[in-house]
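Engineer: Quick one: structure below, then a few questions.
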Amino acid sequence: MSTPTVALGAKQRTPLRPARILLHVFLIGTSLAWLAPLLWAVFAALRPYSETSTKGYVSWPDKLNFDNFKNAFEQSDMLHYFGNTLLIAVPAVLVTLLVSSMVAFYVSRFDFRLNIFLLLVFTAGNLLPQQVIITPLYRMYLLIDLPGITMSGKLYDSALGLVLIHVAFQSGFCAFVLSNYMRMLPHELTEAALVDGASVWRMYWQIVLPLCKPAMAALGTLLSIWIYNDFFWAIVLISTGENMPITSALNNLSGQYFTDPNLVAAGALLTAIPTLIVYFVLQRQFVSGLTLGANKG
Amino acid sequence: MSSETTTTIPEAAAVPPPGPAPVNNKRVPQGHRRLLTRRDRITLGFMAGVPTVLHVALVWVTALASIALAFTSWDGIGFGSIKWVGLDNFKQLFNDNPQFWPAVEHNVIWFVVLILIPTPFGLFLAVQLDKKIRFSRVYQTAFFLPVVVSLAVTGFVWQLVYNPDTGLINSLIGANKPGHYIDWIGDPHLNLWAVLIAASWRHTGYMMILYLAGLKGVDPSLREASSLDGANEWQTFKNVIFPTLRPTNTVVLVVTIIEALRAFDLVFVFNKGAQGTELLSILITNNIIGESSRIGYGSAIAVVLLVISLVVIIPYLISTFRKERSA
């Protein structure tokens, strides 16, 4: 195949040689195979149930329309569940970024001996499988009464409960990444500020944090998608169908209301749309976030 | 902290880890603490303290509580019913529970499949896409899309493929008529493999991105030197590129083990871990949201999961943080 020296050298593109064409053929084929399950879901969702039930699923479509999407959206009150997700994901992402940047600032800018240990505690916690901690967490959530603060009167079955566990769990990963990032910032910046008598908070808020924008953007994108996609915490810590975020609600609904696969396909695709939008708009941030802290499971 | 050992590992020095490159910035030495006012120190205490308390209380205290509860019997109604039972839960788990050993086996299979099939394939794709070819972005997106979509949604999408009478596969091979069904999700000999195909579908894209990032860090002059020496593409990859990917390989190994231990969403959406797809994570969860609430027993499974995880996490973190300290 092509010599890597040419490909990596100047900006010139390698001329299309047989090996290159073969590579493209392979990649196009594999890409299509990779997208096949998603495309199949789109195809199924676009067809009315009456048609597929008589003609079978692998058949030429008579008509394609968005009725299934419309029905899934309305029948299952999806807007409501998207709202629930927003109520959980927005505060969870913002608070996670805030608290993990504070920890990272502390650990990377001040030497209090504790900091490697502290960072280890955070990072290791984030690597644990969630199921390791769920049983006591579930009991704890049931014990904590919050009358008047949450709908359920408890931490259990509330958006607040999910926000808290997302923040606690994800801040491990973010603190690790951000502390690495902050360590790269020139130390003179904060030293000068310190000598000039700036408060620690000002150093954090006005000097360090603005410089961390690229890392924060990357982490924010990543967190949004992870927290949006969360299924496990919501399945265990939310019991009322009404309070569920969209991913776990879909699981509930597909058993209760959806009787035809085309409608399930439409519902699943609708659920995936927000993450796809975030991904296509913020692709660069997402990928750089993923590789910034590749220790994430 | 002045006597930090600088044990720089040669390979690690040659290629920076996937994170941002560590820079030789000394932290504020101890003496500068005097510049901090009392208020500053209180601020700092809050800044580090509040997140730490939250994280420790929800993650580590509960992990320790899992260990403690594993040695008790508790139906969850009132604290009075907590009874110390020693190793009983573990004995029952190892000897009597018909689901435990299959679950362990399935978690192991999950890991073996992920590391043997999608991981090398992701590496292969990354190497191809790293050749500065046209439409690289488009191909990357196709392979990466499954990682962006939630695992729960992935479960629904693959059900459309596997469904016995309406699914893509059975329709294509003509197995969608009564009497000829191949029940990909219900058959205990097939369903684990069916789920693993969906899991591999996702894992490939994830690994591809990690390896692409690793490949970007490979010094181009290494390739040049290798091709000047007359090495062909495979020889260059095997003898020059792959060895420099060592830090990425470590991350990939850890990520894959943890993914295999965490596996949950797909199986839960498929068939709730019924016959043939038992996993440790599913057994624990069924103990909570299922009908029987045997907390000590569920915790004992969690302890097994915790121990396996720590065997991986601790050595990985030690090596990561050693590198950081020496940086």
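Placed from the backbone N, Cα and C atoms, the Cβ positions cover glycine too.
In case it helps, TrEMBL gives these features for our protein:
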type	residues	note
TRANSMEM	A:21-46	transmembrane segment
DOMAIN	A:82-282	domain 'ABC transmembrane type-1'
TRANSMEM	A:86-107	transmembrane segment
TRANSMEM	A:114-138	transmembrane segment
TRANSMEM	A:158-182	transmembrane segment
TRANSMEM	A:203-228	transmembrane segment
TRANSMEM	A:263-282	transmembrane segment
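I'd like to know what surrounds each of these features in this structure.
Structural biologist: A Cβ distance under 8 Å defines the sequence-distant neighbours of the transmembrane segment (A:114-138), meaning residues of its chain 6+ beyond its ends; these are 100, 103, 106-108, 156, 165, 168-173, 175-176, 179, 232-233, 236-237, 295-297.
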Engineer: Establish whether the number of Cβ pairs under 8 Å between the transmembrane segment (A:263-282) and the transmembrane segment (A:158-182) reaches at least three, counting only pairs separated by 6 or more residues.
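Structural biologist: Contact criterion not met.
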Engineer: State the residues, same chain only, that lie 6 or more residues beyond the ends of the transmembrane segment (A:203-228) and have a CB under 8 A from a CB inside it; answer 'none' if no residue qualifies.
Structural biologist: 85, 88-89, 92-93, 96-97, 100-102, 105, 109, 166, 170, 174, 177-178, 181-182, 185, 189-190, 193-194, 245-247, 274-275, 278-279, 282, 285-286, 288-290, 292
Engineer: How about long-range neighbours of the transmembrane segment (A:158-182): same chain, 6 or more residues beyond its ends, C-beta under 8 Å?
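Structural biologist: Residues packing against the transmembrane segment (A:158-182) from afar: 84, 87-88, 91-92, 95-97, 99-101, 103-105, 107-109, 119, 122-127, 130, 137, 141, 146, 149-152, 208, 212, 215-216, 219, 223, 226-227, 230, 233-234, 237-238, 243, 245, 289, 292-293, 295-296.
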